[in-house]
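Pulled from Swiss-Prot:
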| type | residues | note |
| --- | --- | --- |
| SIGNAL | 1-20 | signal peptide |
| CARBOHYD | N21 | N-linked glycosylation site |
| CARBOHYD | N74 | N-linked glycosylation site |
| CARBOHYD | N97 | N-linked glycosylation site |
| CARBOHYD | N230 | N-linked glycosylation site |
| CARBOHYD | N271 | N-linked glycosylation site |
| ACT_SITE | D299 | active site |
| CARBOHYD | N550 | N-linked glycosylation site |
| CARBOHYD | N556 | N-linked glycosylation site |
| CARBOHYD | N578 | N-linked glycosylation site |
| CARBOHYD | N667 | N-linked glycosylation site |
| CARBOHYD | N690 | N-linked glycosylation site |
| CARBOHYD | N718 | N-linked glycosylation site |
| CARBOHYD | N733 | N-linked glycosylation site |
Amino acid sequence: MLLPLYGLASFLVLSQAALVNTSAPQASNDDPFNHSPSFYPTPQGGRINDGKWQAAFYRARELVDQMSIAEKVNLTTGVGSASGPCSGNTGSVPRLNISSICVQDGPLSVRAADLTDVFPCGMAASSSFNKQLIYDRAVAIGSEFKGKGADAILGPVYGPMGVKAAGGRGWEGHGPDPYLEGVIAYLQTIGIQSQGVVSTAKHLIGNEQEHFRFAKKDKHAGKIDPGMFNTSSSLSSEIDDRAMHEIYLWPFAEAVRGGVSSIMCSYNKLNGSHACQNSYLLNYLLKEELGFQGFVMTDWGALYSGIDAANAGLDMDMPCEAQYFGGNLTTAVLNGTLPQDRLDDMATRILSALIYSGVHNPDGPNYNAQTFLTEGHEYFKQQEGDIVVLNKHVDVRSDINRAVALRSAVEGVVLLKNEHETLPLGREKVKRISILGQAAGDDSKGTSCSLRGCGSGAIGTGYGSGAGTFSYFVTPADGIGARAQQEKISYEFIGDSWNQAAAMDSALYADAAIEVANSVAGEEIGDVDGNYGDLNNLTLWHNAVPLIKNISSINNNTIVIVTSGQQIDLEPFIDNENVTAVIYSSYLGQDFGTVLAKVLFGDENPSGKLPFTIAKDVNDYIPVIEKVDVPDPVDKFTESIYVDYRYFDKYNKPVRYEFGYGLSYSNFSLSDIEIQTLQPFSENAEPAANYSETYQYKQSNMDPSEYTVPEGFKELANYTYPYIHDASSIKANSSYDYPEGYSTEQLDGPKSLAAGGLGGNHTCGMLVTLSLLKSQIKVLMLVGLHLNCMLDIQIMMNSQHLQCNYVDLKRCFWIKIILKLFLLN
């Protein structure tokens, strides 16, 4: 299917036959999902030929060589949930002036801190298809984390990718196309870390739904079918090698290529093995094949073992509530079950990531994520310690950041329908408007309910740890109403979507009836209008569809504004001839109502494009697994690479709106497109250079008595320490049951041609030239590739040359080149 010539971006779609990397660890061929093979040891960091990373490792190793075992463990270990000022806090090494590391939610704002901006979500940002704006947004977000004294942002999100329309957290990501999200991942990594903050790419990998991310026993009994959550383990996402490389791993590869310093592993299993202790995922795919040099941290409570996870490539346990690390990790090193050089590498990766990203916060965080109180006990959760200043109420907002947030929201608005040039509005077209719907007005619970799980009115974000704390929020009713006043247009707002008599009375005499509708998705944190993160269905909330039908039956100029995390069912009203215009957006942040007004009244020309496909039949979307009758739930990704537009293309399914669709208030034409291959593609990739020599760390003191709780030291409740309690209990363990394939022998060079550099091996190339008549063409490549060689694309625009690079796999057989072009307004 070809995309219609509406809009903003030009797409060059290059797809290929996928090939298995035969030198990688292989699972059985009996089942394409089967189980994860093992890969050991964890590749030692700092051995790849990258000057900036090597310099960071050089400095970090100097520090680690001076540390005791307990000091190293302290860096790898969270101190417990809510046991510090940030979302997550590690221990410190005061002797070497190394402070506790502060890691903080979330992707779009400094969650649980005051006086910050709440930016549009990732899905809204990706709708802009504007690389400069995406970079600027990342810089702005990074600057606010820096201003609050956080060391690392727990974001952005590249998993879930949003392959499931009803998935709860798809809005935190950037859509199911791997190239689009990959471009964004690269830009956001550079932007955030330019501010001296660690970027944490999450969630690795296959975390495409919220149901069953944890093992649960009747958690919601009495509210919904208890069997829905009656499981003994978390969901296993079973993904084949081609889909892993061409879809799900791709954005993480681009983040690594951009120098990302931290990656968070996910709650779910991958092919039968928990993601945070999956040696094939962490040791091979991430640290060997992609050459990741930073550190891997767990999602909160995603760890199910200590020694196995550390040997599998995990570097930091957050928040370490179950204490798999802490004193247990110290014990594992002392009794010989965890090699000391693995602990050395864990600590070094953490420190080198901070150095690489330019983190320098000598005063620490100036806020406390547990409370907005100005003063209180230093250990607020335990209510212990001295009375100290908890929140300095530092205002990190700026005119520049607000402008970026506003611009990102404007360019995230997608115009889906505009019959008879209904929009933009103006006094010459309308004298009276009605603003209708519960989703247009204030939420009766405000904007600060727990983890933003409000959902009873207008919304600026989804809910969960990926939300933000609003300093202000403009509802559609306020924004559109204020703009109508400027135009001297009479308006009325009716917020009751259930008793519709007042709304219909208002609409009957209006020149335009504007119905605002939404659905709210988020993290599985509890009941939000009967939804537990993932959406129960793709129907608009708050009785919106009956209201639209009733209003449009009496007003032939009905305008519908839809806000949702991802796709939503538009079929009940989209073909209604009295519904003359439809606007869509994902969650737009603090300026939601202001942005809608700007677009409705023509102050801004809508330029957003859909970062996913909207189906005609909701049954064509990949479903969320909602109920299981087995204790160990499995999600087989049988669609493989055929997600979103790939699926609709392959199976010739009808769609309502294509990936990349979006109208504007202008008309354009395109002519004389020419594609030339100037250089044949070579399938012979050159291997990357061998790794530098393995670093030999100084051995720490192995006397258990050195690591007991210091005499007179008072331990806080619910706080994790690196100490052991009984030195006499430490005995050498020569019978530990290591996994199959376990080894401590480091490789001299890349395991396969796919490995050897940041984001993969970049050694072979192809040149394609596009000659375009129009000077204002934006080109975006969407390439279904494995991760290895270099592909150079040169774009000629009126004699101006723009070159960009991308990676591919050895033996990349190109089977088709499809040019899909859109004009930039």
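The first residue you see is number 1, and the count goes up from there.
Quick reminder: no glycine exception, Cβ is built from N, Cα and C everywhere.
A quick note: this is a predicted structure, and the numbers were derived from the prediction, not measured.
N97 (N-linked glycosylation site) sits 34 Å from N733 (N-linked glycosylation site), taking the C-alpha atoms as the reference points. Long-range neighbours of N690 (N-linked glycosylation site) (same chain, six or more residues apart, CB within less than 8 Å of its CB): D748, G749, P750. Relative to N556 (N-linked glycosylation site), the glycosylation sites with Cα atoms inside 10 Å are N578, the candidates having been N74, N550, N578.
Neighbour density for N718 (N-linked glycosylation site): within 10 A of its CB lie 13 other CB atoms from the protein chains shown. With all protein chains in the displayed structure included, the most crowded Cβ environment within 10 Å among the glycosylation sites N271, N556, N578, N667 is that of N271.
Put simply, N718 (N-linked glycosylation site) is 15 Å from N74 (N-linked glycosylation site) when counted between their Cα atoms.
Comparing the Cα of N667 (N-linked glycosylation site) with the Cα of every entry in N230, N271, N550, N578, N733, these being the glycosylation sites, the smallest distance points to N578. Taking Cα separation as the measure, N271 (N-linked glycosylation site) is nearest to D299 of the recorded positions N230, D299, N550, N733. Taking Cα separation as the measure, N718 (N-linked glycosylation site) is nearest to D299 of the recorded positions N230, D299, N550, N578, N733.
It is N97, among the glycosylation sites N74, N97, N230, N550, N733, whose Cβ has the fewest other Cβ atoms within 10 Å in the structure shown.
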